[in-house]
Amino acid sequence: MDVLEMLRASASGSYNTIFSDAWCQYVSKQITATVYMYCALVMMSLLFIAWFLYFKRMARLRLRDELARSISTATNSSGDLRGLRFRKRDKMLFYGRRMLRKVKNVSGQMYSSGKGYKRRAVMRFARRILQLRRDNMPLEMRTVEPPAEYLEETIEGSDRVPPDALYMLQSIRIFGHFEKPVFLRLCKHTQLLELMAGDYLFKITDPDDSVYIVQSGMINVYISNADGSTLSLKTVRKGESVTSLLSFIDVLSGNPSYYKTVTAKAIEKSVVIRLPMQAFEEVFQDNPDVMIRVIQVIMIRLQRVLFTALRNYLGLNAELVQNHMRYKSVSTMSGPINSQTSQSSRQAPNGPPMVINQLNLMQSAASGTGSGVSVTVTRPPSSPSRHSREEHTLSDPNPNPDGSFHGTTNLFTEVHGDAPNADLFQQQQQPSVGNLSTRRSSITLMTPDGSHSCVQTPGVTTSIDMRLVQSSAVDSLRKELGLSEEDSHIIEPFVELRELEPNVTLITEGNADDVCVWFVMTGTLAVYQSNQDATRAKQDKSDMLIHFVHPGEIVGGLAMLTGEASAYTIRSRSYARIAFIRRAAIYQIMRQRPRIVLDLGNGVVRRLSPLVRQCDYALDWIFLESGRAVYRQDESSDSTYIVLSGRMRSVITHPGGKKEIVGEYGKGDLVGIVEMITETSRTTTVMAVRDSELAKLPEGLFNAIKLRYPIVVTKLISFLSHRFLGSMQTRSGSGAPGAPVEANPVTHKYSTVALVPITDEVPLTPFTYELYHSLCAIGPVLRLTSDVVRKQLGSNIFEAANEYRLTSWLAQQEDRNIITLYQCDSSLSAWTQRCMRQADVILIVGLGDRSHLVGKFEREIDRLAMRTQKELVLLYPEATNAKPANTLSWLNARPWVTKHHHVLCVKRIFTRKSQYRINDLYSRVLLSEPNMHSDFSRLARWLTGNSIGLVLGGGGARGAAHIGMLKAIQEAGIPVDMVGGVSIGALMGALWCSDRNITTVTQKAREWSKKMTKWFLQLLDLTYPITSMFSGREFNKTIHDTFGDVSIEDLWIPYFTLTTDITASCHRIHTNGSLWRYVRSSMSLSGYMPPLCDPKDGHLLLDGGYVNNLPGHLWRYCRASMSIAGVFPPFCDYRDGHLLLDGCYTNNVPADVMHNLGAAHIIAIDVGSQDDTDLTNYGDDLSGWWLLYKKWNPFTSPVKVPDLPDIQSRLAYVSCVRQLEEVKNSDYCEYIRPPIDKYKTLAFGSFDEIRDVGYVFGKNYFENMAKAGRLGRFNQWFNKEPPKRVNHASLNEYTFIDLAQIVCRLPETYAVNTAELFSEDEDCDGYISEPTTLNTDRRRIQVSRAGNSLSFSETEMDSDVELDLKLERKMDKSTQSSPPTSSRTDMRGKEEAKHMANWHWGVKHKDETGSGATVATHTQTGQEQELQQQQKLQQLQQDQGARAEQLVDKDKEEDKENRSSPNNETKN
């Protein structure tokens, strides 16, 4: 609110709302009389009270004298009683009755209307006069400091492991995946090296064949440049290693290398553990699965650590790969070469090789003599220029626009069934051999020295024998895979040939389905990567060229070994012929020859540049458990860290010992980069919130790359600039007193979310499905339960031996999805503990209308994940129209909760159905579009960092425009996730958060505005104007009547209000406490209302608009936000006693505060007044008489000079104006100002008119935004495509591939429990309160559920029958259309498919004793066992089918009896 505007209105006599100008003059003249009158009244009141107390005392004295006289008379009549005394028991009885009698009298006086009534009346009158009334203090939120473990690292060592073994486990990631016997065998080969200062650990020309781990001391690793200078890469300290895992592959593949540029020297006396790489040979011979797993881990490290650090953060792409490799021969044949060579030339860079005349080629092959040559065979283009700019797929006549393939089955067209020697040109969409007869033919020869010889024979008919080409491709791929000639029969059935036209896409980046190993026979392939440079993203969005693949080279080995998606996009650069082997075929070959993984890995390593090898020595792959510190405060900063997975927390320790959260880092963030560049000590301590993986980039390596590749400096400047701009936008307002924990620069975008139920009554599965449904609109999301993981990875996946498989699989799922939901079990199982370790945030789900007590299971969750952020989610049924209440009790009982959410649930969430029914129900729900205005969508946007905030500014009666803008926002389809307000905006925002119904909000706002126009109420509220004109009592009553005793915590939508704390001289943000009080404080305009005294600390709070004009019981903070200085008194906070005034003095549009609280997109509505900036330049001095003359002389030109109140008002709003300009210039806020300047601050009688102005303006504004395409970030930020139906029980489309498990057929012992396959909850179906979950002796089972509902609800019986009929039809169609199972299908997959089929039919197999499902243990070791298992499963299925038929008949008979029994009873 504006003091200047009110004074001007008073001077002009144009108020017409509260008081007139004549009345103001009367008050100014009679001020002395008013003082005397009030003093006389107070003196009379004091005299009356003194007389009353004196009269009571005199009456008590007279009564005492009468009692004394009566006692003395009785004593004289009875004689001398000095020798008598009372017994102790009598004394106790006497005094006890006396005290009880007094207590009874006092308690009776509290409610009686007789004795003491006059005294109570006088005291009430005195309290009213002297304002001695004491408010009933509401329930306060307990401010509990987080536990010490939340901000402290874990400092615990492992005393049971020897130091050398512990350093080996910690330093090199691959050792962590060895089993204990294998690791102990490796330890036998270790050697201890003692080095003095200056001794070389290794130097140039030494063999690179060992792993070095520093046990004590320090080692310096540096590189030698060509000019003789050296540059340090890193300093290796205690527990760290010096090794290159790429050299590890060279040694194992039989191609050991030497140190060419890297040297290691001891800085001080050191002890180093040396482990020869040859020691692994002995282990790998006996354990081929260990070899495959080690190679896979090395390749994953190469892709996730080296490529991630060098590409995404240093801007290096093509520098990582050698682009000029020596051409290899495709095939070597003996025979003379036709000497009719017209010319010999090099192949053109962009032109395809010509076609060879096979007549001469066959003659030379038949002769069997001649020198070795290389023959390249391909087809020339008919018009190269016509095809050079468009992409084609190989099998689809209508290819995708991007040239990508449609899937694995359509990726390549089969040549001719399974025949490997079929004619290549007899495929669809390809020209026949006859088309080649009229074309120009040529021969391209490649000599052993790499030169090309091209012979052109125009007009000669070609006759190509594809069997020769097939044989050449098989021989070349056999050599690339390191197989002998005797192994040709293994690879021959899987080799396929294809001809490519220019710009045909073989695989796209991020595709995991079309991974193959491609061998180029003729032509050239180009390898691309997406442009990751943020600075050039808007200018150049095309893919970046990495390198070319020439004839004789192989590509695709990295994605094949890692089992992950392809990191590159591969296209044909010219007409080319390739030979390839699919992923499934490669894995089948690996089963027979596991050592091909070494040759595939060696092929990948040969392609890498020397820079990658040097970086491999310096970069480290670190795995941290929860609570472990990355670095500590005040340590030297010699490296930076990249978060690959997990979550980190930065904590600063102040000089007094107090610790504070500085920030949190998630996947992809760079930690410690600023300190490393500035060469300053660590300012904070960074620790792992959960199990995390990091890549360590030393300072020496960073400097070496920076000198060699200056583009790194540009990338670094861009990165630091974005971080600096982000910190500048979030700096203001974050450090103010009263700011919550969320105000810290902590990111609110989570990758993993764990869902924990408080009790068994919580419908956790429907809740997870609803949240999953809302998250699917934002991006790819995955829902995981214990049963889903078991079905995918085996029932024994949670055992310690399978730790690597589980963690790798979960990490891969997290990389693929923007968010992963971990649904915990209802007990503290192994899966629940795993969820706690993987979660970035834990959602504790409870029922809002139930008891708030903390259970034992919930306390265990807090103990397991002390450092993980926890948020409370309270569910409310929509049918009961219940509103949140008693939220403070929930939060006070759980001090570890940092945030809470109220979620209104539809009826289907609380349905009492079995797990199968719930899965089937949500399989249909997931096909629909989610409601973006629901509470689940609001929660989904919060978890993914896409929340939409609404900020309402202050402006007095002009705030009625907020109601119209709210209606326009609702009609525009914009969801509101967070609301903040100042002054009148605090009132309107609180109304919306409380009801979320525009009709109800409008009615309440209109009623409050009408109360503000009643003059007689304002006259009764007048007081002596020392602090303010009004006492604020009636104003408080209007706000309290509007909200009642509601707390901010009980609002549906997260809400905050902003006030000006005149006690601490800053603004305060209120996110909890009394609503009406803080709204009143935010409306306390200086001079009209006294500041509100904060009950927390006693600080005086004014209108928050003085510092920020755009931003418990609820009404108190609303009242505090409306404490206009001078009009209403400051409101005293009931928590600390601070005085609160209107928030408009500090920040009238607190959009920056909303941004700090986590809102990504903000709509800010400003209705405040605007100051006149067109003032008169009056020179160096100013005379008041001159101004008076100008004012009263109508013949002179008017001047605009601010008067004293105007100057004071402008000074008060200096901070607010500066803050408003920052909000207008920000990129995260949409600033809107309706045209309401003609309305006065106190024109509350024009509510409907101002509201209509705001509605019309808002409607037109959002329509124009929609036409301009700017409305999408508010109401169309999610994916509008209809969701696709997915199978949530399995993850067949993309899963982690454990080569050791697949290739070596490891014995996997698992339990086939048919009871586990029927539901996702291993404990029970449905709720625990259902009779079926507790009755374990029931032998009868439901088959096809003919006419019966598992929920025992009579109203659902018909729908269940219809659903079963649909399921039966679907099963019949699927069984008829499904192809026969391949012979290479894994046994585990067959079992799951059969049991899942039985599950869909509703069959639960239990033994005759009723003890549950029979558990059979199987072991996969060979083809014989597979056949035996197949026969057993078929027999088991037949037995189940026969038993099912019997049970169906039996159930039908019982159903008929049950249905007929009620009719018989009614007849009887």
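Numbering starts at 1 and runs along the chain as displayed.
Note that Cβ sites are derived from N, Cα and C of the backbone, with glycine treated the same way.
Record features (Swiss-Prot):
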type	residues	note
TRANSMEM	35-55	transmembrane segment
BINDING	174-301	nucleoside 3',5'-cyclic phosphate 1 binding site
REGION	332-411	region 'Disordered'
MOD_RES	Ser442	phosphoserine
MOD_RES	Ser451	phosphoserine
BINDING	480-607	nucleoside 3',5'-cyclic phosphate 2 binding site
MOTIF	981-985	motif 'GXSXG'
ACT_SITE	Ser983	active site, nucleophile
MOD_RES	Ser1197	phosphoserine
REGION	1368-1468	region 'Disordered'
COMPBIAS	1374-1383	compositional bias 'Low complexity'
COMPBIAS	1385-1395	compositional bias 'Basic and acidic residues'
COMPBIAS	1419-1441	compositional bias 'Low complexity'
COMPBIAS	1446-1459	compositional bias 'Basic and acidic residues'
Expressed in Å to no decimal places, the gap between the Cα atoms of Ala576 (nucleoside 3',5'-cyclic phosphate 2 binding site) and Gly254 (nucleoside 3',5'-cyclic phosphate 1 binding site) is 32
Top of the binding-site residues Asp206, Asp286, Glu496 by count of other CB atoms within 10 A is Glu496
Candidate nearest Gln592 (nucleoside 3',5'-cyclic phosphate 2 binding site) in space, where candidates are the recorded positions Tyr222, Lys238, Gly254, Ser270, Ser983 and distance is Cα-Cα | Gly254
Alpha-carbon spacing, Tyr222 (nucleoside 3',5'-cyclic phosphate 1 binding site) to Met544 (nucleoside 3',5'-cyclic phosphate 2 binding site), which is rounded to whole Å = 32
For the motif 'GXSXG' (981-985), mean pLDDT (0 to 100) = 89
Rounded to a whole number of Å, the separation of the Cα atoms of Ser1197 (phosphoserine) and Ser983 (active site, nucleophile) comes to 38
Top Cα neighbour of Glu496 (nucleoside 3',5'-cyclic phosphate 2 binding site) in the set of binding-site residues Thr190, Asp206, Lys238 | Asp206
Number of other Cβ atoms within 10 Å of the Cβ of Met544 (nucleoside 3',5'-cyclic phosphate 2 binding site) across all protein chains = 17
Name the one residue among Thr190, Lys238, Gly254, Asp286, Ser983 whose Cα is closest in three-dimensional space to that of Met560 (nucleoside 3',5'-cyclic phosphate 2 binding site); these are the recorded positions.
-> Gly254
Looking at the recorded positions Lys238, Gly254, Ser270, Asp286, Ser983, whose Cα is closest in space to that of Met544 (nucleoside 3',5'-cyclic phosphate 2 binding site)?
-> Gly254
Nearest to Asp286 (nucleoside 3',5'-cyclic phosphate 1 binding site) in three-dimensional space, by Cα, is which of the recorded positions Glu480, Ala512, Tyr528, Ser983?
-> Glu480
Could you find out if DSSP has Glu496 (nucleoside 3',5'-cyclic phosphate 2 binding site) as helix, strand or coil?
-> strand
Per DSSP, the motif 'GXSXG' (981-985) contains 2 helix, 1 strand, 2 coil
Nearest recorded site to Thr190 (nucleoside 3',5'-cyclic phosphate 1 binding site) by CA-CA distance, among recorded positions Glu480, Tyr528, Ser983 = Glu480
Using C-alpha atoms only, work out the spacing between Glu480 (nucleoside 3',5'-cyclic phosphate 2 binding site) and Ser270 (nucleoside 3',5'-cyclic phosphate 1 binding site) and round it to an integer in Å.
-> 43
On a count of neighbouring CB atoms within 10 A, which of the recorded positions Ser270, Gln592, Ser983 is highest?
-> Ser983
Give the number of CB atoms, excluding that of Ser1197 (phosphoserine) itself, located within 10 Å of its CB.
-> 7
Distance, Tyr528 (nucleoside 3',5'-cyclic phosphate 2 binding site) to Asp206 (nucleoside 3',5'-cyclic phosphate 1 binding site) (CA atoms, angstrom) | 36
Shortest C-alpha distance to Tyr528 (nucleoside 3',5'-cyclic phosphate 2 binding site) - which of the recorded positions Lys238, Gly254, Ser270, Ser983 = Gly254
Determine the Cβ neighbour count for Tyr528 (nucleoside 3',5'-cyclic phosphate 2 binding site): the number of other Cβ atoms within 10 Å of its Cβ.
-> 19
Sparsest-packed of the listed binding-site residues (Ala512, Met560, Ala576) - C-beta count within 10 angstroms = Ala512
